[in-house]
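Reading through the structure tokens given below for one structure.
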Amino acid sequence: KPQLVASNDRFCRFLEEYCPVVTETYYPTIWCWEGRVQTLLRPFITSRPQVQYRNELIKTADGGQISLDWFDNNDSLYYPDASTRPTVLLLPGLTGTSKESYILHMIHQSETLGYRCVVFNNRGIAGEELLTPRTYCAANTEDLEAVIHHVHSLHPSAPFMAAGVSMGGMLLLNYLGKTGRDTPLMAAAIFSAGWNVFESVESLEKPLNWLLFNYYLTTCLQSSISRHRQMLEKLFDMDLVMKARTVREFDKQFTSVMFGYRTIDDYYEDASPCRKLKSVGIPVLCLNSVDDVFSPGHAIPVEAAKQNANVALVLTSCGGHIGFLEGIWPRKCTYMDRVFKQFVQAIFEHGNKFFSM
């Protein structure tokens, strides 16, 4: 059974009644239960539901642009009026886009419930051009604030919440820690967030984890910026950036410099959501597996979560990083997908009962 950590009894009762999956036993796929195996296999095993997006490019205050992919769900039977159709903002992981299988599954789950989705693609990652020499990081929430304001202004009468995965979850938590209750979001769901970046990079630098994950992730980061080399060379020694062999080296040469941090430690401290958890002002459900090498179990801020009545943690013993595979042949639906579907539905359909408790 997952461990449910929440200091707020009414939040617990609300979850037990309307999101019962968080109290049910999670049975990981028996032939790939180990965390690293789950992490590696999920992208290859899970299906990729067909989703037709409508792309929108929005301008930013510094002259840049952000690519949003909309799933409008105009055929929604439950919410035929687009002005009041519930909207879910989805934030992918570090180098992820709207094409990731876990994002497609979230949209598929939302479609069956009649909701609209919009995917926030980080700058320069989804095929659009970089108009300024700036990308993104887990600590800087300016682009996310712009996107939330934009989406809310388009549909001010629609119930609105967000879900973030991995770095997307970290960014969303850092935004919520900064804004408190001053946000149009009703609630948020966070999956496989790295709570303490120092602990995350240390775990990823262990020899086997470096071989399986760190080196590949570093090459993905380098690949995502190499397309914009001409723009970025105005500010960076790109040859040096391309020599990085770990995420830490990449962040030291590129990310921390781009966002004006004096040292990489300053950046990692600012990027760690565990330091902002006490300021979160809306209901947030966070799912982590304690065998996630990207977010080690000992670094999950259980005590800090107990200090904030708006926060609930769901901790499984297995599941890896964005894995949570279950069943003999786990192609369709993961435990994470079921948590997402039930929590989003609980907030949109029964949230008034929770907020009036």
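Glycine is no exception: its Cβ is also placed from the backbone N, Cα and C atoms.
TrEMBL labels come from automatic prediction, so no person has curated them.
Summarising the annotation, TrEMBL assigns domain 'AB hydrolase-1' to 86-327.
Feature annotation from TrEMBL assigns active site, charge relay system to Ser166 (among others). Same-chain residues at least 6 positions away in sequence with a Cβ under 8 Å from that of Ser166 (active site, charge relay system) are, in sequence order, Pro92, Gly93, Leu94, Gly96, Phe191, Ser192, Ala193, Gly194, Phe294, His321, Ile322.
Within its own chain, Asp292 (active site, charge relay system) has Gly35, Thr39, Ser192, Gly319, Gly320, His321 as residues 6 or more apart in sequence whose C-beta sits under 8 angstroms from its own. Marked as active site, charge relay system by TrEMBL: Asp292 (among others).
Annotation comment: TrEMBL describes His321 (among others) as active site, charge relay system. A 10 Å cutoff on Cβ-Cβ distances gives His321 (active site, charge relay system) a total of 25 other Cβ atoms nearby, all chains included.
The predicted model assigns the domain 'AB hydrolase-1' (86-327) a mean pLDDT of 97.
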